[in-house]
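According to Swiss-Prot, the protein carries these features:
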{"type": "BINDING", "residues": "606, 608, 671", "note": "Fe cation binding site"}
{"type": "COMPBIAS", "residues": "15-34", "note": "compositional bias 'Basic residues'"}
{"type": "COMPBIAS", "residues": "52-68", "note": "compositional bias 'Low complexity'"}
{"type": "COMPBIAS", "residues": "104-116", "note": "compositional bias 'Low complexity'"}
{"type": "COMPBIAS", "residues": "130-139", "note": "compositional bias 'Acidic residues'"}
{"type": "COMPBIAS", "residues": "162-174", "note": "compositional bias 'Low complexity'"}
{"type": "COMPBIAS", "residues": "184-194", "note": "compositional bias 'Low complexity'"}
{"type": "COMPBIAS", "residues": "208-231", "note": "compositional bias 'Acidic residues'"}
{"type": "COMPBIAS", "residues": "252-279", "note": "compositional bias 'Low complexity'"}
{"type": "COMPBIAS", "residues": "300-312", "note": "compositional bias 'Polar residues'"}
{"type": "COMPBIAS", "residues": "313-335", "note": "compositional bias 'Low complexity'"}
{"type": "COMPBIAS", "residues": "339-348", "note": "compositional bias 'Basic and acidic residues'"}
{"type": "COMPBIAS", "residues": "394-404", "note": "compositional bias 'Low complexity'"}
{"type": "DOMAIN", "residues": "566-705", "note": "domain 'JmjC'"}
{"type": "MOD_RES", "residues": "373", "note": "phosphoserine"}
{"type": "REGION", "residues": "1-143", "note": "region 'Disordered'"}
{"type": "REGION", "residues": "156-404", "note": "region 'Disordered'"}
{"type": "REGION", "residues": "418-460", "note": "region 'Disordered'"}
């Protein structure tokens, strides 16, 4: 029959043909198919053939597979010569399951493309049918296929609505009542599901069919919730690309919910040919390809429709969803849609904000790191806390409240500060600029030319003594150091007033004190004193233990004065100032910090044994100075007790120190200070020249002179006259006799003759004072230029054999010098020579024993040469030692202890 059209061709005429992309093979969850061997097929064919003969040689099998659903035989079997009523019943049975809700597939993936199309199983089973019967059956099949196509097109128009892209081609679930097999295709890329008519072309490109392996379990991916686990080859449902599709589908799915639910009650579902016919744009494909593509697209449409797959445990009997469950699913769908709309609007808001950023907030910042110049919107607009000043992102509730607003209005602009706020900002900026100018001026005065007009050299070429003198000049400028020492040093008090409040602010501040208390372990009495002076009585309120900030500030709030005894241990700027000045003064330069609350006084009137420099850092304080009460108190060697106001006369000096001012007064000067009624006071007292008088030298000198005279002169070792007690003493002081005069004369002659110190003895006494300085001094603050030229910048490492490799090597061509002018002292201790040094001292006062190294007498000349050459560099070859090896050894030993610095860095 040449003009007869096959069922395959009939479907091809109805649907346009499209080229399907190749499918990727899934790496996980492979489909489990039952491979039927020829032997198995032969057995089944023989069995069914015998059954057909027993039933009267019917044209159809005892149990037919229509649309992928195995149905039981009817009482009146339908053959190839049935009339039109049989065709109508067949169409009704097929159309009853086609309501765009499901997809049919059997366990073996052998779905028939049409109930009338001959399958592979029927080929060997119907060998007894004649050619005439086959041609007539083919005619019936063609007619039936055409009727089915017409019916399906009407079904698509009635049930699926006009929007075929979003909801018109959602298919039914796969149902097999005999095997209870539920096979569901997992969703692929969401962007591929925009049109059900392109299910095959788009879904076949992703290998995302996830089947139940054993036929009795199913993988159910509900569209109401997000599936976290995606099948391989497909993307997760609910991705950003399907936002528009899901929105349209959700709006259209409510209109078709009744028809979809009714179609899901049928026990048979549509086959691949029917599903293709329901979509006019679907392309014709082989049966196997259509089965896979249909399962894939139908599951995606089923997910988008919000309907769940039927659980295999209920045997597919309870397919009618209760009204409460439907309502719950609709609510979940609405929430899902709302979330998707919020995401879209947030993206649009972010894009508009980036395009239309406010001038004061060029970058999007979080609330914690936002620019302070951009205040928050009002509380009603943004719902944010009013305390912070920042430019926040739009609140999460804003998109939900303004979902219908255009995207260009979604982003919030950072409002400009009000006029009064801008004025305050300008005032703060001016104050900051003034502070910066004053600090720069202070730095210029600190880094200006030396008083003698000498230009400062590079750091590694500077003289530490001159640097200490420069620091003194920074304290007292515009006064010169020469005028200061000639007019005021150890004579009169001196005040230098400045109109620079931030002149000393880099040294210490209220904030630095608080940080110091938190970061370091300071103890009361050892590091901090808490004092008050009320009604002529000074009291100390030191508790035990560590000085924690709450405790210290609690005392301060109660009107107590806080004294920090060793701030140079914890504050680097104060330490650097003291370390540089001690090189110039050749003695320890200490520092105390006094923090006094308003309208209070912490200490009673007294005098000290130090030369005092008072640096007013913050606030105001009134100072009054008095003359020493006794002549012996002038330049006192020890501090006094507390005086009462009645013991003091009229003050010699009465003035108020303001921030940036400095006050100097000699040791032995009685002083007291009281805070202003409205302002607190923070000042630093630098103490200089403590126990640095001639008396201290003689205390070191005379015992040594006497001991040496006794050792070398016999006259000092002779015994006293027997009658000396009868002529000398307190009771005999008023008597006049020759024996008394003789005894007094002999004693004076011995002192004048044998106790006159020699130059060497005076040198030794000075060395002892210098030795004390080496023990008390602060360690040097090594600058970066010095760091790379000293041992402090050296780094050693090991080679592959575990041997240590040093990154330095001194030779005779290496030029070296001392790190500081007073970094070491050569002292004779008995029969040995020692080199004392302070480079390894602790930051606390005399925490450790003095550091020293013993050298051979022949090596002393090398140390002396280095001390004499300072601040110039000296080549190792010029050290006065006999051999080059010994010169290198001595220089290396001093360099490794941090006492020497090379002219050129090793690295």
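Note that Cβ sites are derived from N, Cα and C of the backbone, with glycine treated the same way.
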Out of 606, 671, which of the binding-site residues is least crowded by other Cβ atoms within 10 Å?
606
Find the average pLDDT over the domain 'JmjC' (566-705) in the predicted model and report it.
95
What is the total of other Cβ atoms whose distance to the Cβ of residue 608 (Fe cation binding site) is within 10 Å?
20
DSSP on residue 671 (Fe cation binding site), three-state: which is it?
strand
Specify all same-chain residues, apart from the site residues 606, 608, 671, whose Cβ lies within 8 angstroms of the center of the Cβ atoms of the Fe cation site, ordered by sequence.
603, 605, 607, 612, 639, 640, 669, 670, 672
